Amino acid sequence: MRMKGIYTTWTLQDLALCVIAVVFCSTQGSVMTSNQDVELGGNVTLRCTLLQHSNIYQVTWAKKKNGNDENIATYKKDTGPVMGQPCLSVYDNLKTSTDHNISDNHLRANCLATGFPRPNISWFPPEGEKKEKDITNPNGTLSVISNIFVSMSKVKQGLTCHVTHRGKTISIEVLGKEIDRTKKSFPVIPVVLALILVILVIVVGICGWRRQRKKHRGF
């Protein structure tokens, strides 16, 4: 008898994070399995197929918990087991945010990254005093908060937070280059000068009009 297409559907609420973490994912004996990736809160279908013709006496699904097997579902007849091991990778999409403030010619910046597996945070340029804190959220995801305190003279070329998650790195510009910051301030000066010039023209015009009016009255 050939076992084919035997499967089960679990929600991630039934699977604790880090519980089904299998390091070696391979076919053992004559049972073929397939690996799956699933986002936190989603559904996943795991399948196993018996490759050899044989009478089936027992089918057991188990999850890894603290290094031990915990049975979830079993169909049993008295015989020895033939094992296969699928690999389920649970992940949550990355969420990031940054903020900063400047005081006494020093910059203090924060970079927050939340996801699963744990995100990694680095800064460029790397100079400055850095602190990092990990928080485990109720849904099992991990939040990493990285703080940096640095002199403004060290970040003339800008400051960027790099977040690496699931093999991908994103770059978040916290502070732009000094030349860019200067350019952004330039438009303010012409506007102020233009307003002052307009006011002066109006004042001069009013004064001239009054003088002309007085002259006409004198005649």
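Cβ from N, Cα, C; glycine included.
Automatic, uncurated: that is what TrEMBL annotation is.
The structure displayed is predicted, hence computed values, not measured ones.
Taken straight from TrEMBL:
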type	residues	note
SIGNAL	1-29	signal peptide
DOMAIN	86-171	domain 'Ig-like'
TRANSMEM	188-209	transmembrane segment
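Mean per-residue pLDDT, taken over the domain 'Ig-like' (86-171), amounts to 93. Helix, strand and coil counts from DSSP across the domain 'Ig-like' (86-171) read 4 helix, 61 strand, 21 coil.
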